[in-house]
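J.: Let me give you the structure first, and then I'll get to my questions.
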Amino acid sequence: MGDEKLSRHTSLKRARSLSESIKGLFKPSGISGSNNAAAPSSRPGQDQAHSHQTARIITSNVSSPSISPVHSPVLQAAPKHHKLGVPNIAKLSLSPSREPSLNSENEMFSQESFISEKDEDEANLLEREDLQNKKEEKARAKHVRSKEAYVPHHRYTVGSDEVERQPRERLKNFPQNAGSSNPANSNANHVLDQENNFSIDAMLDYDEESKLRRRNSLGVRNHSNRTRSRKNSLSTPRSPPMKNGNGGMNSNATNNVGNGTGNRIYMRGRNHSDSISASSLPKFQEIECKCILDLGHFKVFENGYHEHSLRVLPIITNNKNVDSGDEKDADASVNSGDDGDNDSEANMHKQKSVFSLSGLFKSHKDGNQQQQQQQQQEENGEQINLEKAFSIIPSQRFIKSQTLKKSRTSNLKNGNNDELMKNDGKNIPQIVNPNAAVGVEELKLINALSEKIRKGLKSENTKGNNGEGRSNSNKQEDSDDTEGKAGTTNDDTSHKPCSQKYGKSIGVVGAGAYGVVKICARCKTAKDVLPYSTYSNGKKLFFAVKELKPKPGDQIDKFCTRLTSEFIIGHSLSHPHFEANAMIAGNVSRTTPPKHVFNAPNILKILDLMEYSNSFVEVMEFCASGDLYSLLTRNNISNESNNGSSRLIQTVKEGSGSPLHPLEADCFMKQLLNGVQYMHDHGIAHCDLKPENILFQPNGLLKICDFGTSSVFQTAWEKHVHFQSGAMGSEPYVAPEEFIRDAEYDPRLVDCWSCGIVYCTMVMGQYLWKIAIPEKDSLFKSFLSEIKDDGQFYLFEELRHVSSELNRLRKIALYRTFQVDPTKRITIEQLLQSSWMRKTKCCVVYRHLHTKVSK
């Protein structure tokens with residue numbers, strides 16, 4: 001038995017291959033059969049019917065199923081059970097030099113077995129046959145399962161006629177010397193006997209565990225290890241490779257069991273780094289593209305993309321102390337001249353001239369008038385003291401959109417709708433348009449601000465009340481109102497003065513009828529996280545502060561309406577919370593997060609509204625590259641190289657404007673249309689689009705500002721769009737239907753006309769006409785006659801683009817935009833979907849930005 005075990009271990013590989021080759025010899029139908037030869041396809045049930053003729057298998061103590069097939073005891077089988085003659089084994093030609101003799105130590109078909117069977121008692125024979133039949137049925141069932149589950153990798157093709165079961169008589173007539181145990185025959189056939197014993201044992205007595213172990217031999221185990229490695233590489237974190245004894249690198253691997261010959265070691269996963277950067281992928285690899293056009297502020301590359309590099313205002317770049325982080329030094333450097341004397345008037349006027357924010361004010365003044373106004377305010381002491389200006393926005397609705405959205409959504413989810421549905425004792429109408437910018441929250445804020453503004457303006461005329469007392473009174477009222485409401489918290493920054501929240505003034509960038517626009521700067525703090533709500537140079541944050549004060553003789557109600565409407569519209573667009581209206585309307589589940597709560601990239605952020613005495617301060621996002629008007633007037637690009645137009649309109653503004661490159665103008669046009677479309681989707685039309693109301697960041701991001709004359713054509717409780725009448729805005733950009741007396745028009749189509757004028761201004765350097773009235777403007781009259789007679793306008797025909805196809809598509813869009821009949825005019829949405837805009841490459845990627853309102 002010791003030699004038997006040793007031979008089994010040493011011939012494991014060969015026994016594996018041989019056992020697979022003769023697997024067909026031990027099919028279920030071959031375990032029991034009749035005396036006559038049965039066909040290979042005989043059903044197991046047919047053999048079971050003749051089980052009384054089945055040979056017996058004489059065994060010793062049978063091993064338990066838990067023992068491995070390699071170490072299970074050898075089974076001795078009667079020749080009439082296997083019906084396997086030596087001539088059939090010889091037909092396999094596994095070893096042609098070997099004789100068909102069996103091993104003397106492990107002979108399974110020995111002559112002594114036949115002799116012992118003849119001398120046994122008949123009763124014992126029947127008892128053994130019954131016992132053996134039960135074992136054969138169990139073995140047959142196991143063999144069927146193993147045959148269905150196991151498919152060998154290598155199979156020898158053996159004809160069915162060569163593996164026929166032999167008759168019992170043939171085995172009985174086997175020669176007596178067939179079991180000779182001479183050393184030569186024993187050594188030659190020892191491996192064959194080991195393979196036969198191993199295969200019989202594995203086929204009859206192995207359980208599910210041993211079957212899996214048998215299946216995981218060398219070839220199958222390697223395959224399973226590779227499969228397991230792929231799964232592990234995806235589900236478990238990879239450990240870094242370790243150095244082996246030879247200095248090489250070894251990754252985590254699964255060793256092959258029983259493989260002591262140095263087989264391949266498969267790693268747990270692919271050999272790559274622990275983390276992969278998106279920039280390393282082919283799609284995101286930064287490939288240096290050749291620049292084919294460089295205009296300083298605008299570059300175009302050979303792959304079709306472009307880059308904006310707009311200049312930052314000198315008030316930021318020329319002020320050395322702005323980057324120093326010292327607010328006192330920065331403030332002093334602006335308010336003192338070169339000789340150290342206080343020369344704030346001249347310095348502010350000089351800085352103001354490089355940036356135009358005249359669009360924020362309806363009264364356009366030249367530089368001398370603005371200087372005189374600034375000087376008069378300083379002499380009269382009418383400058384707003386930012387250190388004493390406090391916010392009049394209720395704390396629970398204040399500034400940060402994240403905090404604002406969180407508190408409102410929390411109140412709605414908790415079912416606290418009673419407070420939202422109250423408006424001075426009156427119920428708010430039912431919400432039918434939840435996407436409208438003016439809804440429940442805005443209505444409440446309008447009422448609260450209007451009351452505070454009127455109260456502040458009237459208290460100025462009351463004797464015994466000064467500005468400081470009024471500001472402190474407002475501060476105390478806001479604090480008491482905040483603390484008195486359940487579920488609200490008093491923010492540390494909500495009641496700080498303007499100078500602490502937004503920094504000190506570093507200069508003036510604009511002036512108008514109601515005051516001036518200053519720039520305030522403060523150092524960044526740990527609470528300032530990306531993305532910033534305004535421009536930052538890395539060390540400081542900059543804010544635009546617009547001072548508003550009613551002129552003598554102005555009606556309080558008129559000033560209050562303008563101030564509140566401008567702030568409310570801008571604040572609601574830049575800090576949208578349309579989920580509140582949607583939840584109240586029942587269109588959004590209280591447990592479902594809002595889907596359309598985000599800031600529009602092309603809308604200027606309105607941050608705060610503050611008060612000091614009878615003056616007010618509106619805090620806005622600061623755009624460091626100025627407005628479109630300043631960009632057009634300081635460019636030095638030839639007209640012929642950009643649009644090819646030989647006939648230019650006479651410049652009617654100060655200075656000579658220079659047009660933009662068509663690709664740059666197309667990018668700005670697409671941003672402008674997206675911003676206007678965002679306003680239209682939320683029920684607001686701008687009604688005063690012009691270069692002065694279009695601001696830029698240094699990277700070319702466009703911002704729409706000045707919502708003082710905007711029209712709310714649909715609120716949250718209005719089902720249909722309502723029109724308006726009367727001309728609004730600046731004359732060169734006003735649509736012709738606005739000049740028709742007592743005629744109503746769609747404010748959205750007015751914005752589309754204005755966008756067309758703005759684009760022509762960008763590519764031509766000036767606007768088309770002074771006013772869209774044929775009796776007052778000869779050029780507009782010429783436009784009407786040419787369109788009526790020829791169907792085209794010579795200025796549009798002479799425009800040139802980088803390609804003839806883009807030029808053709810642009811002309812089609814322009815003709816549809818400048819339809820005098822508003823019913824035939826293209827809409828902003830249709831213009832965005834035109835072939836011209838779809839082929840325009842834009843710097844801003846717009847995703848899920850627009851949500852339509854009800855019509």
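Glycine is no exception: its Cβ is also placed from the backbone N, Cα and C atoms.
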J.: Where Swiss-Prot marks phosphoserine, which residue is it, choosing among SER68, SER658?
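T.: Checked Swiss-Prot: the phosphoserine annotation sits on SER68.
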J.: Among the residues SER358, SER730, SER782, which does Swiss-Prot list with the feature phosphoserine?
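T.: Cross-referencing SER358, SER730, SER782 with Swiss-Prot, phosphoserine lands on SER358.
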J.: Where Swiss-Prot marks phosphoserine, which residue is it, choosing among SER41, SER97, SER217, SER333?
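T.: Comparing SER41, SER97, SER217, SER333 with the record, Swiss-Prot tags SER333 as phosphoserine.
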J.: Just to confirm what the record says: which one of SER11, SER277, SER803 has phosphoserine annotated in Swiss-Prot?
T.: SER277
J.: Where does VAL517 (ATP binding site) sit by DSSP, helix, strand or coil?
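T.: Looking at the DSSP assignment, VAL517 (ATP binding site) belongs to a strand.
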J.: Including all protein chains shown, what's the count of other C-beta atoms within 10 A of the C-beta of GLY515 (ATP binding site)?
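T.: For GLY515 (ATP binding site), the 10 Å Cβ neighbour count is 27.
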J.: So what pLDDT does the domain 'Protein kinase' (503-837) average out to?
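T.: In the predicted model, the domain 'Protein kinase' (503-837) has a mean pLDDT of 84.
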J.: Here are some binding-site residues: VAL509, ALA511, VAL517. Which one has the most Cβ atoms within 10 Å of its Cβ?
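T.: Compared across VAL509, ALA511, VAL517, the most Cβ atoms within 10 Å surround ALA511.
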